[in-house]
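Visitor: This is the structure, below, for whatever I ask next.
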Amino acid sequence: MPSLSNSDELIFCVNGRKVIEKNADPEVYLLFYLRKILHLTGTKYSCGSGGCGACTVMVSRYDPKTKKIHHYPVTACLVPICSLHGAAVTTVEGVGSIKTRIHPVQERLAKCHGTQCGFCSPGMVMSIYTLLRNHPEPTPEQITEALGGNLCRCTGYRPIVESGKTFCAESTVCQMKGSGKCCMDQEEKSFTSRQEKMCTKLYNEDEFQPFDPTQEPIFPPELIRMAEDPNKRRLTFRGKRTTWITPVNLNDLLELKTSFPEAPIIMGNTAVGPSIKFRDEFHPVFISPLGLQELYFVDSTDDGVTIGAGYSLAQLNDALHFIVSEQPKEKTKTYHALLKHLRTLAGAQIRNMATLGGHVVSRPNYSDLNPILAAGNATINLISKEGKRQIPLDGRFLEKSPEANLKSEETVLSVYIPHSTQWHFVSGLRIAQRQENAFAIVNAGMSVKFEDGTDTIKELQMFYGSVGPTVVSASKTCQQLIGRKWNDQMLSDACRLVLDEIYIPPDAEGGMVEYRRTLIISLLFKFYLKVRRGLNKMDPHKFPDIPEKFVSALEDFPIETPQGIQMFQCVDPHQPLQDPVGHPVMHQSAIKHTTGEAVFVDDMPPISQELFLAVVTSTRAHAKIILIDTSAALALPGVVDVITAEDVPGDNSYQGEIFYAQNEVICVGQIVCTVAADTYAHAKEAAKKVRIVYEDLEPRIITIEQALEHNSFLSAEKKIEQGDVEQAFKYVDQIIEGKVHVEGQEHFYMETQTILAIPQEEDKEMVLHLGTQFQTHVQEYVAAALNIPRNRIACHTKRAGGAFGGKVSKPALLGAVSAVAAKKTGHPIRFILERGDDMLITAGRHPLLGKYKIGFMNNGVIKAADIEYYINGGCSPDESELVMEFMVLRSENAYYIPNFRCRGRPCKTNLPSNTAFRGFGFPQGIVVGEAYITAVASQCDLTPEQVKEINMYKRNSRTAHKQTFNPEPLRRCWKECLEKSSFSARKLAAEEFNKKNYWKKRGLAAVPMKFTVGMPTAFYNQAAALVHIYLDGSVLVSHSGCELGQGLHTKMIQVASRELNIPESYIHLSETNTTTVSNATFTAGSMGADINGKAVQNACQILKARLEPVIRKNPRGTWEAWISEAYKESISLSTTGYFKGYQTNMDWKKGEGNAFPYFVYGASCSEVEVDCLTGAHKLLRTDIFMDAAFSINPAVDIGQIEGAFVQGMGFYTIEELKYSPEGVLYSRGPDDYKIPTVTEIPEEFNVTLVCSQNPIAIYSSKGLGEAGMFLGSSVLFAIYDAVAAARRERGLTKTFTLSSPATPELIRMTCVDQFTDMIPRDDPSTFTPWSIHVS
């Protein structure tokens, strides 16, 4: 460690208050500082890598040169506090609070129903707020761009964007929303044949407080004085292990670089930060010239532009936009190419943090900008104490050739980008898993210079990213093509040459080898076309244009601001005004979500003597544990104990689930031991020091196919059957057989699994605060692990930051792990899983292998179906058997097939146990059904929609498991979906588009749905409630359901309000806990509001009956007077409510039963456009029609449908889990697992709640929490339709299997063409691939 003088004071402001940190540690990040030191918990931890936006805050800095204040968004998890000297930080608490006043951004996000679980809401608020500070009247495009770095797993983004659009100059909300009429249906007549009147207004803009930009807090004057101080000096901040130095000027920076040549220069910390956090890099010294005037400038000359290395990518973007507006088009080709990539590079936060100099010099192999800069002949201006020099930003520099490198004492001063010239073409090309905020799968920068007035190549440059360990230059290829004409023969040779020059080995890291090889030449072809087009524009006589059918290949998909209409049944005008049922009531915690005042488990203040827990997980899929050596870990400072299986007082293995691995490990990610320490940093450091010696065991089973080979199953086969399948196959016209693979899905709830376990002083009691869907399960597992009765264990759940099934069974196991640690250490334990550990340990949706054999007539009537399902259950039972039961029971979906058999078994493998996930098997299983329908359609020369219509249930019927139902609402949803979405006309338009476009294709698909709620086992459907009325008339409601963001508590308040006939404001719902309502069933299966609503209703009706005599005596009295009188008459004002549950049953021996209380029907239609050259797709429009019966709260229900649809769409398209052949999960965070962002949702997104009757449920409502998930498959089958069109045009086979997810890789490689035929292919037996599919 260098010996330097003492540490300086770090001075910055947070929410207008001055912070003086005397011991600033360079290793402390702003997120930790806000949450743990300043106790501002509104800013959330969700990923720690800058990839999700949950920790977004605004940083403001004063520029003494321009005298302007610069506001920009950052992700606090990547900002070292030492970089904030002189800056002002604004967090969500500083924007507005319910204690003072809420800001219009917070109010509108809440009232537009843009929050569900609320965990991402503070980040959303900060992104929109920062935009408004810079642009008080933003455009819709700016709103969408500002939200690009923020992930939300609940809402599906539409209402978030809509809340932002209310600030736009001209309101862009549906023009007719104000009148409550629908622009889809101009006529006065009601929307359906029945008499319900439909509404489209989920909120009232008139309630919004006006937005006045002049009322924002001022920038602290003291910070202006600091910035303008002429006597500034070098600052040094010394931490325990590292030193941070901020130079005062350029000479000082060069001095430091000479003294500490190895020290990284930190500006935005977007490259060094993740390396330190996730790759264990260590640097004793950091040099941070942030704000150094000499690094911030734009210098324009006649030949080009020089941009200072300190410019952030966002500032670079602004500078380039200005230059493009000033200069003639032919000079700005390089700038245009850079601007295109700057729009989608990362999210707004990272673009505002990362700098041009840092990006150029860190040379990431996936860089979107460096290949373009190289192709545009940029140069880097370097400076050191020795003086200045220039190096070309070329292939040798990007490939990290030693002779082209910076010297250790040099730093980047600026980057010079020359103007392009008339006969010079520059292009940037990229394809990623997701349109923005995703590393490229392959990207490229290409340029060509022609001899003036000809198409003879004078200079050619091609640089590719993500095809090797560095950006790669295809210099040999380019050299060989000089002097050639720019024609098809040149292209053909160029493809061959570049594939020879750039070789991606078959086992290359990142996988997708054949796809990436194809992209190398597909992107080259796109460049070839762009240049041909450009030449033609310059001289149409000399240079022929490209074929009209190829023109659409030139453009990337535009990013549009989503819009749509939401339609629901208007409330009966005769309903009392005070009765909230049927109204789109805002989520009861929405305002608290948007102000950051909603308390999640890790927001709870520290408890005296609490310890933090870090996990040590298995690195082997199946092995014997030879040794666990904890000595090095225990020797570290702050470490209190290491907890292993030996420390479990009760059962360590309970119901097949193992808390701490003992003797052997059965998957990568199994918890072997935990470390308890005084800080999380200490616990994590010690966890790395635990040494485990393994001996591998056989067999190691990773995939379903391997499980079938080894006959490895978790439970017996489940089967339903009707008719005589074997006999029916003899009398059909055609038989087809096929296989469908459906991969898994990560829950990606925004709040990772979080548990606070507090041992009590007396009676072995244990209190747990956690986000769960099933408190009873946690209580049961903790009781088993600690060997104490359940009445000593209290579980509290205020809210969970998203769950989606992932918090049904997993919190029980993690609760037991943390309770054992609390018991052993005697300290409260705070156990927060990091995102990577959460994804690894808790697993997700079951991957599926589906097999089918279908017998059908030539007219499309299906006579027989034989279906087999196998799911990858992982290493322990968890929910796999139940998931398989549901999958089998729902397997027929909306179709009547007289001879139908479905069998299924969960496989036991050496992967972490898969678990419950929204839709519970249905979203995977039904893909098989839709796939064979599509295959039948193809064989019969019918459309899939015709085959669906032919085979759909049409009259009162019985399911294959002999349950009767009426499909009339199903038929209505289907009919309205096809009609209102103008399906036929749009299908014709798509066919027309496909005729005119060779490389882009459009596809449409509509899918019907017959979904179920509840459980086939009756006792799982029970629920209880406890309602207290206090003497002031206020009411406290408790019930057995957990609030996960689905608005359950909001609906329960609506129920209590109606039943007691009092305003909602009188009713409070605090939390769910095991001490008020015991033995609660899980909040899952779409039945939370159904069963708890009945229990709350029951309690309220009992109380109302007790009050009846009092009310009769004084009918005109007030509620308060009645309560006071009842108390005086000794009438009990407290009662439990109970709902016995829907009386369902299923006899698996007979394969029949009334397995579900009722069905939910729906249909969705989606239209996509596919880029056949890259595999990218764009979702143009989706229409959803959902049978909601009568919606208790249309805002909540539509929110659930939209959110589930987008989650489903992600599952079927871009969400891809990657496993190594050894069973190691690679996808452990937002960098390598892509959930949809705001740019993935439909450009037009319409949802209609269709009315029907459901007398069995409360107020004739239906449970809609999961149903929308499967409707996302309309996107998968629309992609299938587009790909089929491409294949038809290319003369390929009619039937092909499109597995799920339909990633860009799958789409591109299924659109077979001359480029996929050209690539080299490897014999699979000669190498081990980097990743495998586990279905």
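Every residue, even glycine, has its Cβ placed from backbone N, Cα and C.
Below, the features straight out of TrEMBL:
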ACT_SITE  Glu1266  active site, proton acceptor
BINDING   Cys47, Cys52, Cys55, Cys77  [2Fe-2S] cluster 1 binding site
BINDING   Cys117, Cys120, Cys152, Cys154  [2Fe-2S] cluster 2 binding site
BINDING   Ile265, Ile266, Met267, Gly268, Asn269, Thr270, Ala271, Val272, Asp368, Arg430  FAD binding site
BINDING   Gln773, Phe804, Arg918, Gly1085  Mo-molybdopterin binding site
BINDING   Phe920  substrate binding site
DOMAIN    8-95  domain '2Fe-2S ferredoxin-type'
DOMAIN    237-422  domain 'FAD-binding PCMH-type'
Visitor: Suppose you look only at the domain 'FAD-binding PCMH-type' (237-422); what would the mean pLDDT be?
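Guide: A mean pLDDT of 97 is what the predicted model shows over the domain 'FAD-binding PCMH-type' (237-422).
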Visitor: Considering only the binding-site residues Cys55, Asp368, Gln773, Gly1085, which residue has the minimal Cα-Cα separation from Cys120 ([2Fe-2S] cluster 2 binding site)?
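Guide: The answer is Cys55.
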Visitor: Per DSSP, how many helix, strand and coil residues does the domain '2Fe-2S ferredoxin-type' (8-95) have?
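Guide: Final tally across the stretch: 19 helix, 31 strand, 38 coil.
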Visitor: Nearest of the recorded positions to Met267 (FAD binding site) by CA-CA distance, picking from Cys77, Gln773, Phe804, Phe920, Glu1266?
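Guide: In terms of Cα distance, Met267 (FAD binding site) lies closest to Cys77.
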Visitor: Restricting to the chain of Gly1085 (Mo-molybdopterin binding site) and a gap of 6 or more, list residues whose Cβ falls under 8 Å of its Cβ, or answer none.
Guide: Phe920, Val1013, Gly1014, Met1015, Tyr1020, Gly1263, Glu1266
Visitor: If you draw a 10 Å sphere on the Cβ of Ala271 (FAD binding site), how many other Cβ atoms land inside?
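Guide: Within a 10 Å radius of the Cβ of Ala271 (FAD binding site) lie 19 other Cβ atoms.
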Visitor: Give me the largest Cα to Cα distance among Gln773, Phe804, Arg918, Gly1085, the residues the record lists as binding Mo-molybdopterin, in Å as a whole number.
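Guide: Farthest Cα pair among residues binding Mo-molybdopterin: 12 Å.
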Visitor: If you count Cβ atoms within 10 Å of the Cβ of Cys120 ([2Fe-2S] cluster 2 binding site), leaving out that atom itself, what do you get?
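Guide: For Cys120 ([2Fe-2S] cluster 2 binding site), the 10 Å Cβ neighbour count is 30.
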Visitor: Can you tell which of the binding-site residues Cys55, Cys77, Cys152, Ala271 lies nearest to Phe804 (Mo-molybdopterin binding site) in space, using Cα positions?
Guide: Cys152
Visitor: Of all the binding-site residues given, Cys152, Ile265, Met267, which has the fewest Cβ neighbours within 10 Å once its own Cβ is left out?
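Guide: Comparing Cβ neighbours within 10 Å for the binding-site residues Cys152, Ile265, Met267, Ile265 has the fewest.
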Visitor: Closest to Cys52 ([2Fe-2S] cluster 1 binding site): which of the binding-site residues Cys154, Ile265, Asn269, Ala271, Gln773, going by Cα position?
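Guide: So, of the listed binding-site residues, the one sitting closest to Cys52 ([2Fe-2S] cluster 1 binding site) is Cys154.
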Visitor: In this structure, which of the binding-site residues Cys52, Cys55, Cys77, Cys154 has the fewest other Cβ atoms within 10 Å of its Cβ?
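Guide: If we count Cβ atoms within 10 Å for the binding-site residues Cys52, Cys55, Cys77, Cys154, the smallest count is at Cys77.
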Visitor: Would you list, in sequence order, the residues of this chain other than Cys47, Cys52, Cys55, Cys77 that have their CB within 8 A of the centroid of the site's CB atoms, where the site is the one recorded for [2Fe-2S] cluster 1?
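Guide: In sequence order, the nearby non-listed residues are Leu31, Lys44, Tyr45, Ser46, Gly48, Ser49, Gly50, Gly51, Gly53, Ala54, Thr75, Ala76, Pro1230.
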Visitor: Select one residue from Phe804, Phe920: among these binding-site residues, choose the one with the most other Cβ atoms within 10 Å of its Cβ.
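Guide: Its Cβ has the most other Cβ atoms within 10 Å: Phe804.
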Visitor: Express the distance between the Cα positions of Asp368 (FAD binding site) and Cys152 ([2Fe-2S] cluster 2 binding site) as a whole number of Å.
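Guide: Here the two Cα atoms lie 25 Å apart.
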